[in-house]
Amino acid sequence: MTLNLAEYDVLVFDIEGTVCPISFVKDVLFPYALEALPKVLDQEWDSPEFAKYRDAFPEEYRNSRPDFEAHVRDLVKRDVKIAYLKSLQGYLWLQGYKSGDIVAPLFPDVDPFFNQAVKDGKKIIIYSSGSVPAQKLLFSHTNSEKSDMTPLIADYFDTTNAGPKTEVDSYRKIISSHPEHKDLGRWLFLSDNIHEVSAAVEAGIRSVPVIRDGNAPLPPDNSLTKLAISEFKHSEDA
């Protein structure tokens, strides 16, 4: 299945498993943050800059460096998507992106599709469980020709400013943030997670699941699975 850009005004993209491999997050970003954590805690535990991340954690962890570190490692191990962890991870990734140690490996169809969409006057929005600052870091340090993809992106949403990605109200918040686009039939949300796709559809917008190498299989008995795409490709015949 291909996409006809003429049918849409707003394109909302998930990140992990949609525009870049799940393995990048699981095998590169998460381990990098854990590796950087002890040094940051040693050097910055009492610094004003780090305090805003530390103090966002529950009280029982923010007063003890060992307890703090143990809690972070436990959350990552259990893949808990909670705002205060995501904010800390974004902070830990910052130096990795700046040094060039981290480069986001976007799928090869993402760069041309984003550019074509913007050229055609479409609005691109990112919605991920990763914090908005972490999203901006990722898209400003990619393997695409110009590296920085942020000029193509109109807005960013995460679990803090929108809400959990499997909840219908989260998509309604995103929609309400762009009242200039009242025709919900001209919105499209793309994600590898069928539960997120279902929530978006329930909110009134169009949505299709994305199949990428390394993703978990989509449930065969779900009607939305039949709509799945495996690449971002524009076709006027779609």
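Glycine too: its Cβ is placed from the backbone N, Cα and C atoms.
The Mg(2+) binding site annotation in Swiss-Prot covers D14, E16, D192. Taken residue by residue with DSSP, E16 (Mg(2+) binding site) is part of a strand.
Taken from Swiss-Prot, the feature substrate binding site covers S128, S129, K165, and the record attributes it to sequence analysis. The number of other CB atoms found within 10 A of the CB of K165 (substrate binding site), across every protein chain shown, is 23.
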Residues flanking the substrate site, with Cβ no more than 8 Å from the Cβ centroid of S128, S129, K165 and excluding those residues themselves: D14, I15, E16, K81, Y127, G130, D158, T159, E196
Lowest local Cβ density among S128, S129, which the record lists as binding-site residues, within 10 Å: S129
Nearest of the binding-site residues (D14, E16, D192) to K165 (substrate binding site) - Cα to Cα: D14
Pairwise CA distance, D192 (Mg(2+) binding site) versus S128 (substrate binding site), rounded so that it is a whole Å: 12
